[in-house]
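Novice: Take this structure first; my questions come after.
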Amino acid sequence: MELREKIAQAQRIVVKIGSALLTNDGQGLDVARIGLWVAQIAELKAQGKEVVLVSSGSIAAGMKRLGFVTRPTQVNELQAAAAVGQMELVGIYESHFEKHGLCTAQILLTHDDLSNRRRYLNARSSLRTLLGLGAVPIVNENDTVVTDEIRFGDNDTLGALVANLVEADALIILTDQQGLFDKNPRDHQDATLISYISASDDGLEAMASGGAGVLGSGGMLTKVRAARLAARSGADTLIASGREEDVILRLSAGENLGTWLLPEHGPIAARKQWLAGHLKSRGALTLDQGAVKALRKAGSLLSVGVKDAEGTFSRGDMVICVDESGGLVARGLVNYSVAETLKLLGKPSGDIGEILGYEGEPELIHRDDLVII
Ligand SMILES: Nc1ncnc2c1ncn2[C@@H]1O[C@H](COP(=O)(O)OP(=O)(O)O)[C@@H](O)[C@H]1O
Ligand SMILES: N[C@@H](CCC(=O)OP(=O)(O)O)C(=O)O
């Protein structure tokens, strides 16, 4: 059997489960099947991998509870269904994960949370902390506070943005089809499964434009676009059938199942490109020799090694890091504003809470947010 070695190495994985799959043909949530996916995620955790689950299903579950026979079209009714269904959804996950001794966390996100730099950093910090503590974050869109214009609408996009957020190695999208076919298999009997393809292949949209199922909202189009988004931070995307036995474990072990959408660049190159291309520097930090050495050994930047700060930066902005003779050392996304940074110069991380009056991140710039020049 040919193995997808790169996938087998993935340490941090986002698993997205769609509505089409989570429900028994619209008859509420498929509790037994959810138990099977949870058992697989528990096994991945036992292998030392980190998993973030992005789960749809709140609207489908709420529809059943509220007695809607077909999916409501009005936004306020969809929101009501989502609010009711989300309770049931997370309850089912929590009770299944508990059987494996795992703790879950509910994260509800909106588009604004991920486009606003400050909220983005806060969401990322919560997710990182939860992963560090061994919990399984369960993410869905915060449907009750969003309207049509600002919705992700489909959780494929949300899954990809979460993969960017946590810098996942892989995004697994489980759906009701074997993967991406060259045309919609519901309408074409001769459709053939694509085993692997570049996430930036020009032909993807044409293949995937065959519409969605009854309960799902995005179809394959949002899945291939999600793969493209995930590729921005170097993540591989896998699209496969959630009904296949042990699908999550087999995909994560590198088995050739479903469709593998490959990013053009690896995570580091993708991140460097993003930092280099998309952000303007808002200030500069002057580092002492110890800090320069630490950064070159892949460490984070701590305030104790920073001698000066200038510019107009806020939390989340990009700054350049220079050595004492002005030589460029790195670029990175800073966790504190210039006013806060000036108060922290030369101070150990343990003093941050006392100096600023609240406990923030221990690093001025986390190593994941640094690109060494
Ligand atoms: N090229 C294609 N390959 C596979 N499925 C396709 C393709 N084009 C359209 N589809 C449709 O996409 C559907 C899956 O998307 P969707 O219904 O949104 O599910 P989910 O809720 O899992 O996101 C499939 O059931 C299928 O009808
Ligand atoms: N956030 C909503 C809708 C998400 C949705 O339909 O997504 P998907 O099934 O992935 O196309 C829910 O949980 O029902």
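Heads up, the Cβ atoms here are built off N, Cα and C, so glycines get one too.
These figures come from a predicted structure and were not determined experimentally.
From TrEMBL, here are the annotated features:
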| type | residues | note |
| --- | --- | --- |
| BINDING | Lys16, Thr175, Asp176, Ser217, Gly218, Gly219, Met220, Leu221, Thr222, Lys223 | ATP binding site |
| BINDING | Ser56, Asp143, Asn155 | substrate binding site |
| DOMAIN | 283-365 | domain 'PUA' |
Novice: Just how many other Cβ atoms lie inside 10 Å of the Cβ on Ser56 (substrate binding site)?
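Specialist: A 10 Å sphere around the Cβ of Ser56 (substrate binding site) contains 29 other Cβ atoms.
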Novice: Pick the one among the binding-site residues Asp143, Asp176 whose Cβ has the fewest other Cβ atoms within 10 Å in this structure.
Specialist: Asp176
Novice: How big is the substrate site in terms of the longest C-alpha to C-alpha distance among Ser56, Asp143, Asn155, in angstrom?
Specialist: 11
Novice: Under 8 Å between C-beta atoms and at least six apart in sequence, can you list the same-chain neighbours of Met220 (ATP binding site), or say none if there are none?
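Specialist: Sequence-distant Cβ neighbours: Gln177, Leu180, Asn184, Met207, Ala208, Ser209, Gly210, Ile239.
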Novice: With the Cβ atom as the reference point and anything under 6 Å counting, tell me which of the binding-site residues (Lys16, Asp143, Thr222) are near ligand 2.
Specialist: Asp143
Novice: Within 10 Å of the Cβ of Gly218 (ATP binding site), how many other Cβ atoms can you find? Include all protein chains, please.
Specialist: 25
Novice: I need the nearest neighbour of Thr222 (ATP binding site) among the binding-site residues Ser56, Asp143, Asn155, using C-alpha distances.
Specialist: Asn155
Novice: Near ligand 1, meaning Cβ under 6 Å from any of its atoms: which of the binding-site residues Asp143, Asn155, Thr222 fit that description?
Specialist: none
